[in-house]
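Below is one structure, written out as structure tokens; comments come after it.
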Amino acid sequence: MTVASNIPRKPEPCCFVIFGATGDLTHRLIIPALYNLAESGLLPEPFCIVGVVRKQMSDQDLRQSLMEGLKRHATRPVKIDIAEKVLNCLTCIEADPSDPSSFDALNGVCEGLATKTGTCGNRLFYLAVPPTAFAPIAEQLARVGLLRETSGTWRRLVVEKPFGTDLASARSLNARLLKFANEHQIYRIDHYLGKETVQNILVLRFANGMFEPIWNRNHIDHIQITVEEKLSVGHRGSFYDATGALRDMVPNHLFQLLSLVTMEPPTRFEAHSVRSQKAEVLAAIQTQTPEEALRNSVRGQYHAGQVGGEAVVDYRSAPNVKPDSTTETYAALKLTIDNWRWAGVPFYLRTGKALGLKRTEVAIKFKQAPFAMFRCTPVDQLSHNYLVIGIEPAEGITMQFNTKVPGPSISIDGVEMKFRYKDYFHAAPSTGYETLIYDCMTGDNILFQRADGVEAGWQAVQPFLDAWKKAGADGLVGYEAGSEGPREADDLLARDGNQWRELT
Ligand SMILES: NC(=O)C1=CN([C@@H]2O[C@H](COP(=O)(O)OP(=O)(O)OC[C@H]3O[C@@H](n4cnc5c(N)ncnc54)[C@H](OP(=O)(O)O)[C@@H]3O)[C@@H](O)[C@H]2O)C=CC1
Ligand SMILES: O=C1O[C@H](COP(=O)(O)O)[C@@H](O)[C@H](O)[C@H]1O
């Protein structure tokens, strides 16, 4: 992530090694992102790619498959000469962590390529594989010396999500990875941090003097974080049914939003300070008792319905979902943060699949005016003052406030002042992975999760995981696909006299 006046520089020469080169992530996001970087002149020179596969393929076959993936998923019109330049520097290699000797061979090939291509030993290992393979691959890379940095060369390990399935497994994965690599070499990806609108949260807060004095419990009534999706479980049944909405979205994506909005100002805009403040605020989320966790949460599962005119089958009838599944496809939580800035401010988080609309936003509700000066509208009937950070699809910032309706008498109505990215900036369409991959190559891990941040996130959701597991089917509520989600999520706020922000 560069600061305003910096012109992005080309990263140092390196070899980009992709484990899981035959997979969906590589085809749909990694190669299209590398293509976009190449088009913007931001790939290193020299540069080479190693595609690691488990079953032998020729270079040509893998290049062809990735070219087809690129054409299908590119976010910009594909210029064939650039695409060929990217893919022609790819070598396909067979290696499987269940066959350790294959990593000795991989080491030999990487050494050969370093000399042949002039990439000088800098290597980035992207683990685009199932989570069970993260540690075994790191172990083999370390065993053959591929993670050893020497003066003047770097070795980096990019780890995809999900990072663990609960606090214990996240701790254990961190401990295993940290046996094979140092923290500064590990880049734990959360694709939300690749979104411009998410990165902008820090700029909004810390590059504008007007927000800081009011960014606290004295002025903020509560904060809502909403990540609603129209997508249903689709063909991801086996992954999703073992995971659920809470694990899939909350300790990672929603907590990235939460931590950026609530962290203390970092001393400097650099990885250590920023990640320390993020981890600290996540660690300050109050740990709930089992009773509190049940009272302060809603979990729902969708029934058949229609989303955008398309029929969606009942969650339990989706492929690879258990017919008696109690996995939640919707989660809403009420959290509090135990520190001086946020004591007493409720944070309401919700996320769900197969809903009527796609909306990702952070809505900050300010306290009402203290006194009813205008007799026409009692203070509790004034429209709410919100600052809304729109992440998707409305990318921008909206202020909701009250204004006088033109006319001879005083009458008041709520209005909106809107900033939309598209009205000011003309960014080339991206996959969201470009900045993240570029930052890995330049060694900037500000947008990646540190071990303590990941563990603090799991620690905060663990009481909900435990309470829900114990409750089984009790408390799981239904909602119709295409709806706004379970009405119990409204009750969660209504108990405090609050309501979810309605779209205007
Ligand atoms: N796809 C996406 O949009 C996203 C994916 N992710 C994460 O990225 C990772 C990859 O996901 P995705 O591409 O969708 O998955 P796919 O199932 O499409 O691909 C998995 C890839 O990993 C390889 N693989 C499977 N098991 C092993 C193993 N034990 N050792 C080495 N390689 C193995 C497969 O090789 P083979 O062909 O030999 O089976 C294949 O290339 C996962 O961790 C996922 O959670 C995260 C965010 C989004
Ligand atoms: O990581 C994931 O995120 C997507 C939602 O991402 P977004 O950028 O579209 O908000 C979600 O659909 C998926 O289930 C989850 O694994």
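Even glycines carry a Cβ here, placed using N, Cα and C.
Because TrEMBL annotations are produced automatically, they should be read as predictions rather than curated entries.
Keep in mind it's a predicted model, so treat the numbers as computed, not measured.
Matching GLU212, GLU229, GLU264, GLU270 to the substrate binding residues that TrEMBL gives (HIS191, LYS195, ASP248, LYS353, LYS358) identifies GLU229. LYS161 (NADP(+) binding site) has its Cα within 10 Å of the Cα of these binding-site residues: HIS191, taken from HIS191, LYS195, GLU229, LYS353, LYS358. For LYS195 (substrate binding site), applying a Cβ distance below 8 Å and a minimum sequence separation of six or more within one chain yields ILE391, GLU392, GLY432. Per-residue pLDDT, averaged across the domain 'Glucose-6-phosphate dehydrogenase C-terminal' (202-501), gives 96. Note on ARG54 (NADP(+) binding site): other Cβ atoms within 10 Å of its Cβ, all shown chains, come to 18. Our reading of the substrate binding annotation (HIS191, LYS195, GLU229, ASP248, LYS353, LYS358) yields a largest Cα to Cα distance of 20 angstrom. Ligand 2 lies under 6 Å from the Cβ of none of the binding-site residues ARG54, LYS195, LYS358.
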